[in-house]
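A.B. asks: Here you go, one structure.
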């Protein structure tokens, strides 16, 4: 049998999966698995830094899997912002395209995510700092022409110094159900995405930030719908049933008829809904949890809100130097063609300097 693994690589079984990686990465520890792959922490011997390594699950099983793998690699390569996860390294044990079956993404290691710590009581200054970082990351992602579409607490990595990075952006497309057989949680999704009832824009992510911030204030999920219709019912209980001006904007006839059939109900008083929040916090929430996408705040507008005054540094609110160029986005390629494109990206990859915060908040999560 011919030897197909590159020199300098070693093999280790992790959680019943074979990992093959360069000898520069040691102390492999399994930290999680999902629909698209498994993640281990490791130490990079060159820097002594702890990193996260993701092995994609069967990236070339089908055209859909291969396209998603290509897009994930492209997105991670493009993102260079302290509040957005980026790529430190990418490698394959394959010595040529012919025996290329797997590849691994190396990213900064983060201790936990918001999902795991949602039960803790967040002080207002912690909420300010964490939400400010979410919005800085979104401003950058949006300026690259990317929309997250599936922002939720589990996609927000945090470390013990309250530093936050956005994960899994730009991947939540219609392929989710086809690939995994289940619908990703809808509790944080904007109504226009859940129901496809009107055009949507980058402010879909601002709605999600509103839901997450509300949960940090109360310790409870704001809109916990059992299904699509129940999700809408939960939302309208808070936002009120919209009037004729909003209904005119709906593209979907069924949604139009349904909304028109509902009895008018007023918007809830946010100061009563969030009694421990400051007036500035409730004002920001109202502007992020706005049903009408044309009236909802953008990331830039939200960053300028007085709620963030204690932490704001406009110089850190940077935009991408150029939009993400995904010339293959609309291409229908076969698996072998996707494989060629991915292999080329891996071979040509050169690491870039990390973008990390120049300042420290002095805050601790616990």
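Note that Cβ sites are derived from N, Cα and C of the backbone, with glycine treated the same way.
As annotated in Swiss-Prot:
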- 150: active site, proton acceptor (ACT_SITE)
- 25-308: domain 'Protein kinase' (DOMAIN)
- 47: phosphoserine (MOD_RES)
- 180: phosphothreonine (MOD_RES)
- 182: phosphotyrosine (MOD_RES)
- 350: phosphoserine (MOD_RES)
A.B. asks: Note the mean pLDDT of the domain 'Protein kinase' (25-308), expressed as a whole number.
C.D. replies: 90
A.B. asks: To the nearest Å, how far is the Cα of residue 350 (phosphoserine) from the Cα of the residue listed as 'active site, proton acceptor'?
C.D. replies: 29
A.B. asks: Roughly how many Å separate the Cα of residue 150 (active site, proton acceptor) from that of residue 47 (phosphoserine), to the nearest whole number?
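C.D. replies: Distance between the two Cα atoms comes out at 33 Å.
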A.B. asks: In this structure, which of the modified residues 47, 350 has the fewest other Cβ atoms within 10 Å of its Cβ?
C.D. replies: 350
